[in-house]
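A.B. asks: Take this structure first; my questions come after.
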Amino acid sequence: MVPSAGQFALFALGILLAVCQALENSTSALSADPPIAAAVVSHFNDCPDSHSQFCFHGTCRFLVQEDKPACVCHSGYVGARCEHADLLAVVAASQKKQAITALVVVSIVALAVLIITCVLIHCCQVRKHCEWCRALICRHEKPSALLKGRTACCHSETVV
């Protein structure tokens, strides 16, 4: 049984979606266990207003046991006060986005070429008498077929 063009296109689209999902979730945890509840007493409190500008690129948290502020940095920043840009994180995120974009574009182009090819093959198999198909086939026909006494594919004439 030969799969149809539609089945093949759906299969290719399924593979594309699976690859994109795998790339997107490449750093996620493998277990689906629910998160464990935190202790009732937290080690962090909100920073007082006097430390509202303590973190440059992050969120301020006040460490209860040490009685001092600490920062939770935004993505792409590091340091005690989130003052340094993490260039490796920025470059890695940019490259990942470019790779996903390139993969999607190449897959869409390949899928379009595949669908067009399948439609053309189907057209020429079902409608062999179609002028357009005949012109396409006859353009590649070699005259040697006529010299050997065979029937030409485009003409019903036989050369003796």
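Just so it is clear, glycine is given a Cβ too, placed from its N, Cα and C backbone atoms.
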A.B. asks: Looking at Swiss-Prot, which of Cys60, Cys71 bridges to Cys47 via a disulfide?
C.D. replies: Cys60
A.B. asks: So Cys82 is in a disulfide according to Swiss-Prot. Which of these is its partner: Cys73, Cys118?
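C.D. replies: Its disulfide partner, as Swiss-Prot records it, is Cys73.
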A.B. asks: Can you tell which of Cys55, Cys118 is bonded to Cys71 by a disulfide, based on Swiss-Prot?
C.D. replies: Cys55
A.B. asks: According to DSSP, which kind of secondary structure is Cys82 (disulfide bond) found in, if we only use helix, strand and coil?
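C.D. replies: Looking at the DSSP assignment, Cys82 (disulfide bond) belongs to neither helix nor strand, so coil.
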A.B. asks: Rounded to a whole angstrom, what is the C-alpha distance between Cys82 (disulfide bond) and Cys55 (disulfide bond)?
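C.D. replies: On Cα coordinates alone, these residues lie 6 Å apart.
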A.B. asks: Quick one: pull the CA-CA distance for Cys73 (disulfide bond) versus Cys60 (disulfide bond), whole Å only.
C.D. replies: 9
A.B. asks: Show which residues of the chain containing Cys60 (disulfide bond), separated from it by at least 6 in sequence, have their CB under 8 Å from its CB.
C.D. replies: Asp46, Cys47, His51, Ser52, Phe54, Pro69, Ala70, Cys71
